[in-house]
Amino acid sequence: MVAIRFALLLSALVSSGSAFTSTGSSSAPSTQRSGATRLNMAASEEVKVGDTLPSVVLQEGQPDYGAPKAVDLAELIKGKKVAIFAVPGAFTPGCSKSHLPSFIDAQDELKE
């Protein structure tokens, strides 16, 4: 469950990142914009082993669908080793059926 919780929090962090900006023109017709829309990664840096994640407060959904709980990412992982992975589309069938389950299955190996 910790892996799922962290994956959901990390998805929220990545999707709210300011380094990801669309370069497509909002006035372009949709047929042109779909091919021209890209992510601008110039302002982002690669995360490396040993890097410290920023103190970012994210909203974590609750199992009972109650009000989201504020979670400080830095506090959540303080003193722990974490694995970061990305998926092309969070909460899509590829993510839910392929990517995330493989990390859940490998939890024990990743803890070593």
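Cβ atoms here come from the backbone N, Cα and C positions, even for glycine.
Database features, via TrEMBL:
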SIGNAL    1-19  signal peptide
COMPBIAS  18-36  compositional bias 'Low complexity'
REGION    18-37  region 'Disordered'
DOMAIN    48-111  domain 'Redoxin'
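The average pLDDT for the domain 'Redoxin' (48-111) in the predicted structure is 82.
Broken down by DSSP into helix, strand and coil, the domain 'Redoxin' (48-111) contains 23 helix, 8 strand, 33 coil.
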